[in-house]
Amino acid sequence: MAELKAVHQDAADAGHRSHVSVKAVWRELSSVVKIGIVNSNLITTFAGMWLAFYFTGEHFLENLHLVFFTLFGAALVIAGSCAINNYIDRDIDQYMERTKARPTVTGTMDPRRVLWLGIGLVAIGEMGLLMTTVTAAVVGLIGMATYVFLYTLWTKRHYTINTVVGSISGAVPPVIGWTAVDPEFHIVPLILFLIMFLWQPPHFLALAMKRCEEYRAAGIPMLPVVHGFAMTKRQIIVWVACLLPLPFYLFSLGVPFLIVATLLNVGWLLLGLAGLKMKDDIKWAKWMFVYSLNYLTILFVAMIIATLW
């Protein structure tokens, strides 16, 4: 009887260890591919695809295969690009609080395996996008190349303009979504690209202000590290102001959308201007960062809702 209990206990312990192991592996993989970035970019990818269905008159439910291959392909290309970024940045990630626990830094994952994982994910993702349109696959490849080569390998470590260069790749997902449905040129994906492109500098510069000393320790020439908070604030305000006219190019989504989008833009701009008088720069940067996250979510959800009226 005692032996039987021991067997059951051993089995239970083995099951528990297996469960813990699976959770640990998933946690490490999620960190390597930056699952949060993947998820947020899939929201904009879906929005671009949804708007393409709306403006071209195609039916969503009749094109579920496109939806699947677009989201599948985009997710893997983004995840793979992030994994390659983790491989490249493993030498500087150790100096930053938010990145020092990544598997490529702690050694819990072989960096070479992370690199090959990234390359494999990008390759499979590109094949997925090719199941939609060649244009979508090309756009995805441009986004990956910009993020890995122009941003991670080149500008991130050498120039304060790194944030702007990185914004190109971050603005690609909604264009992937659109071109997967309609590869022809249209003003809407261009506006979606510009919204995402202009949104990213104030978002990431606010983050850079919050993490200024970490970036300094890592030797990354972010704008607040090189030129200080005053110039960073002014640039953030300029980037936010550039967003103001863009919603009006989407006037066909209706007046309610224009009102929501304009209120979001004006609110962000007013918060930015308030920073010129605030003495607590870090507190202001936190407010700007949180606002930017809510801004993007509300704006793209509003776009989708506007098509349902």
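Just so it is clear, glycine is given a Cβ too, placed from its N, Cα and C backbone atoms.
Feature annotations, reproduced from Swiss-Prot:
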TRANSMEM  35-55  transmembrane segment
TRANSMEM  64-84  transmembrane segment
TRANSMEM  114-134  transmembrane segment
TRANSMEM  135-155  transmembrane segment
TRANSMEM  161-181  transmembrane segment
TRANSMEM  187-207  transmembrane segment
TRANSMEM  231-251  transmembrane segment
TRANSMEM  253-273  transmembrane segment
TRANSMEM  289-309  transmembrane segment
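When each of the listed stretches 114-134, 187-207, 231-251, 289-309 is scored by C-beta pairs under 8 angstroms to the transmembrane segment (161-181), 187-207 comes out highest. The stretch from 135-155, 231-251, 253-273, 289-309 with the most CB pairs below 8 A to the transmembrane segment (187-207) is 231-251. Through the fold, the transmembrane segment (135-155) approaches residues 70, 73-74, 77-78, 80-81, 84-85, 88-89, 122, 125-126, 129, 161-162, 165-166, 168-170, 172-173, 175-176, 179-180, 183 of its own chain, all at least 6 residues removed from its boundaries and within a Cβ separation under 8 Å.
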